[in-house]
Amino acid sequence: MSLVLVLNSGSSSIKYQLLSPEADGPQATGLVERIGQGSGRIRHEGPGGPVVQELDIADHEAGMRLVLDTFAEHGPQLDASTLTAVGHRVVQGGDLFTGPVRIDDDVVAQIDELSPLAPLHNPANLSGIHAARTAFPDVPHVAVFDTSFHQTMPPAAYTYALDRQVAAEHRIRRYGAHGTSHRYVSRAVAEFLGRDVAELNTIVLHLGNGASASAVRGGECIDTSMGMTPLAGLVMGTRTGDIDPAVLLHLARTAGYDTQALDDLLNRRSGMLGLAGHTDMRDVHAAVEAGDEDARTALDVYHHRIRGYVGQYMAHLGRVDAIVFTAGIGENDEVVRAGALAGLEHYGIVVDPERNAGRKKAPTVISPDGAAVTVLVVPTNEELEIARQAVEVVAA
Ligand code: AMP
């Protein structure tokens, strides 16, 4: 049986899972937080249940050492000789990476070269890669990119109508994100329905704190809602999603917004937070029930945007077999699932209220029997997908 340590390194955190893709569930999960911020913390959940330790964690290398010490003390035993691979989530692979790759110094240099496209994420991913390669010098390390599933998009879908030379010089185009989730879910749907993925046309709605939609034809992505960065597309917890770019010019010219202020407004103060005052969809629903008009409008905007993307992807796919909800909101929120697809009955898209009710921990059909389009909820599992891809790269 193969064994993979999956790492997702942020600017001040390392999220990890130890798992075997052939077994059910991870052997251990954990999160190192507030790296380099004075009051660090690790939460580790292994065979003995959760343990939490608070201590100063200087940098990612110290964080990695802490992870290893925690495994040694609380289990399971993590012996480098039993690891098939370390799988790293990398946010931006640009047009350089169409699939997962074994990490060597050239790959590290390429990920670094793409940092201007993901200035917060790629350098953080590289810190994690560096720390893990130091900790496990003899284990294969594999990079799995958030963007690579979307590399099958045709030029018509990924090209912005921008001056071609400017776009080429600055690598400006649609790359998409959440690709690991979109790939996992589009394959899991085919498996659940007992269909060949090559025959299935699917719209995947990944609705979490970040949110994205993708159109998948025969297992290949043909369009996605996130753009050069994860700011485009659907309304998110704190991000605008699609917006007229002239709004930025307007704010810069008339209100003195600089790039930092615009970044903060669009990425951190907008979306459901900006509209309703809450990032968590459960709080938005509570506010709607309490009669809050702003929250009602926010939810309407959220649904309207999703429905628009569904329509767009129906047009691009031609025939849609399945529409799939996933991630925190998609898996748990029956109000959003019903609201986002309301009014699409004429297209054969219907959500059955009884089947839709409640949170879904396993793949579930929520459309009525015999509906033209099968609507489902399929829980995503990005760590499992990263582990599978890492094993495939090592085996190849
Ligand atoms: P994710 O980014 O996939 O972890 O999703 C996180 C988001 O899922 C939270 O911000 C909530 O808005 C949403 N969420 C989680 N649980 C529920 C629930 N039971 N009902 C509605 N939304 C939920």
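Just so it is clear, glycine is given a Cβ too, placed from its N, Cα and C backbone atoms.
For D146 (active site, proton donor/acceptor), the Cβ neighbour count at a 10 Å cut-off comes to 25, with all displayed protein chains included. According to TrEMBL, the feature active site, proton donor/acceptor maps to D146.
Cβ neighbours within 10 Å of E382 (Mg(2+) binding site), excluding its own Cβ and spanning all shown chains: 22. Marked as Mg(2+) binding site by TrEMBL: N8, E382.
Other Cβ atoms within 10 Å of the Cβ of L207 (ATP binding site) number 26 in total over all chains. Residues or ranges marked as ATP binding site in TrEMBL: K15, H206, L207, G208, N209, G210, D280, M281, R282, G328, I329, G330, E331, N332.
Of all the Cβ atoms in the protein chains shown, 22 others lie within 10 Å of the Cβ of R89 (substrate binding site). The substrate binding site feature in TrEMBL is assigned to R89.
H178 (site 'Transition state stabilizer') carries neither a helix nor a strand DSSP state and counts as coil. Residues or ranges marked as site 'Transition state stabilizer' by TrEMBL: H178 (among others).
Contacts of R239 (site 'Transition state stabilizer') defined by a Cβ separation under 8 A and a same-chain sequence distance of 6+ are given as G210, P230, L231, L266, N267, R268, S270, G271, in order along the sequence. Feature annotation from TrEMBL assigns site 'Transition state stabilizer' to R239 (among others).
Checking the recorded positions K15, L207, R239, I329 against ligand 1 with a 6 Å cutoff on the Cβ atom leaves I329, in sequence order. Fewest other C-beta atoms within 10 angstroms, among the recorded positions K15, H178, R282, are seen around R282. Taking all protein chains in view, 26 other C-beta atoms sit within 10 angstroms of the C-beta of I329 (ATP binding site).
Applying an 8 A CB threshold to same-chain residues 6+ apart, the list for D280 (ATP binding site) reads G237. Nearest Cα neighbour of R89 (substrate binding site) among the listed recorded positions (N8, K15, D146, L207, E331): N8.
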